[in-house]
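Database features (TrEMBL):
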type     : residues                        : note
BINDING  : 11, 32, 33, 34, 35, 36, 71, 100 : substrate binding site
BINDING  : 11, 30, 78, 87, 88, 89, 96, 97  : ATP binding site
BINDING  : 30, 78                          : divalent metal cation binding site
TRANSMEM : 57-81                           : transmembrane segment
ACT_SITE : 71                              : active site, proton acceptor
TRANSMEM : 102-122                         : transmembrane segment
């Protein structure tokens, strides 16, 4: 059974409001999110400047957005775990470590994509 509440466009507007609150909370409480957003603010325009085609620009920007998404999810996991309790528990530690690992993999993907697109001689790139 569907949850009663807003439907149609009102539901979308209502959901967008909560999404904006989530971004605001991430900015306010998560230093890593602020750092990654600053990185995106620098590398986003750099991608537009360095990308030689729309596809290259998209390839350079997509992992930046993915990193922000993964950081938001990691922060959400950490907030829920902390809400449950601050005492050490193996499952709590596992959840936080897995979220952190997801962020690390996203950073690795970001670096790999940027190197592959921008460095000549990388697999798939012609040498000058």
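Backbone N, Cα and C define each Cβ position, glycine as well.
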Fewest-neighbour residue among binding-site residues, criterion Cβ within 10 Å, set 34, 88, 89: 88
From binding-site residues 32, 33, 71, 100, the one whose Cα lies nearest residue 88 (ATP binding site): 100
Residue 33 (substrate binding site) and residue 89 (ATP binding site), Cα-Cα, nearest whole angstrom: 25
Largest CA-to-CA spread of ATP binders 11, 30, 78, 87, 88, 89, 96, 97, angstrom: 39
Binding-site residues compared (30, 36, 71, 87, 97) - the one with the fewest other Cβ atoms within 10 Å: 87
